[in-house]
Amino acid sequence: MSSIKHLVYAVIRFLREQSQMDTYTSDEQESLEVAIQCLETVFKISPEDTHLAVSQPLTEMFTSSFCKNDVLPLSNSVPEDVGKADQLKDEGNNHMKEENYAAAVDCYTQAIELDPNNAVYYCNRAAAQSKLGHYTDAIKDCEKAIAIDSKYSKAYGRMGLALTALNKFEEAVTSYQKALDLDPENDSYKSNLKIAEQKLREVSSPTGTGLSFDMASLINNPAFISMAASLMQNPQVQQLMSGMMTNAIGGPAAGVGGLTDLSSLIQAGQQFAQQIQQQNPELIEQLRNHIRSRSFSSSAEEHS
């Protein structure tokens, strides 16, 4: 019964981790919580029973077991096959340089058939799958590469890219952290980890955290409301709004006057921005930080 409790504890731990992810609806998260409570009741296990924890997470145990049963024994690969597989890998690499990703996948697949215990072939195929937008297949290939070589940092890094593309930011952070543990000086892993962590913060909070811009706080800010009211009392703005309403209900065309209205609107907007800068500069700085943050994320993703 002790071994069964270890297994159930691992399952409960996995379900609890899943219930805390934002990929599920509130109803689905509630169902996971019910499942956890049922298992704890039936097997008389509580979160305090940490002595039942195993060293390896359930997902890693499953991946390792699955991949061991999914690939052929190493003894089935003969030297001739290994040599041919390496040639196919080189062909696949050339296809990648030429951006012929489908052909690259085909070459790596043939290499795997000849030498199924080479982690590099799975990892390279994962890169090609990601280029084709086949992120789920890329993750599977990375998992197989890791099962063969658990210290293969590049496999963790490429799995992080695929997970990020699927908006699985929490798992992506874990993958990048493992990649950095194995290759601490890799700037690409550091950059991509920061991006994944930032994305995770953004999706974890409705109003955003860190450098994210809180529009609700801006709109509800008393100083902002006061300045907006002052702007609407500006005679130029009132005249502009009156002219716009006249045109909207079929009045005379704007003509040259329309250009004057536009100039007045720009001038009023500039005055409003100056008032915010003078009376509440932290709001302007928050907006600037938000724009800088978005620009950094876009640039980093494009060069990952």
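Residue numbers in this text run from 1 along the chain shown.
Keep in mind that glycine also has a Cβ here, set from the backbone N, Cα and C atoms.
With a threshold of 8 Å between CB atoms, the same-chain residues lying at least 6 positions outside the repeat 'TPR 1' (15-49) that come near it are 4-5, 8-9, 167-168, 170, 203-204. Feature annotation from Swiss-Prot assigns repeat 'TPR 1' to 15-49.
According to Swiss-Prot, the feature repeat 'TPR 2' maps to 85-118.
The repeat 'TPR 3' annotation in Swiss-Prot covers 119-152.
The annotation N6-acetyllysine is assigned in Swiss-Prot to Lys131 on the grounds of similarity to another entry. In the three-state DSSP assignment, the secondary structure recorded for Lys131 (N6-acetyllysine) is helix. Note on Lys131 (N6-acetyllysine): other Cβ atoms within 10 Å of its Cβ, all shown chains, come to 16.
Only residues 6 or more beyond the boundaries of the repeat 'TPR 4' (153-186), in the same chain, are considered here, and those with a CB under 8 A from a CB of the stretch are 21, 23, 119, 122-123, 126-127, 129-130, 133, 135-136, 138-139, 142-143, 145-146, 192-193, 195-197, 199-200, 203, 301, 304. Taken from Swiss-Prot, the feature repeat 'TPR 4' covers 153-186.
The phosphoserine annotation in Swiss-Prot covers Ser293 (among others).
Residues or ranges marked as phosphoserine by Swiss-Prot: Ser295 (among others).
Among the features that Swiss-Prot reports, phosphoserine is placed at Ser297 (among others), with the record citing a large-scale study or a structure entry.
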With helix taken as DSSP H, G or I, strand as E or B and everything else coil, how many residues of the repeat 'TPR 4' (153-186) land in each class? 27 helix, 0 strand, 7 coil
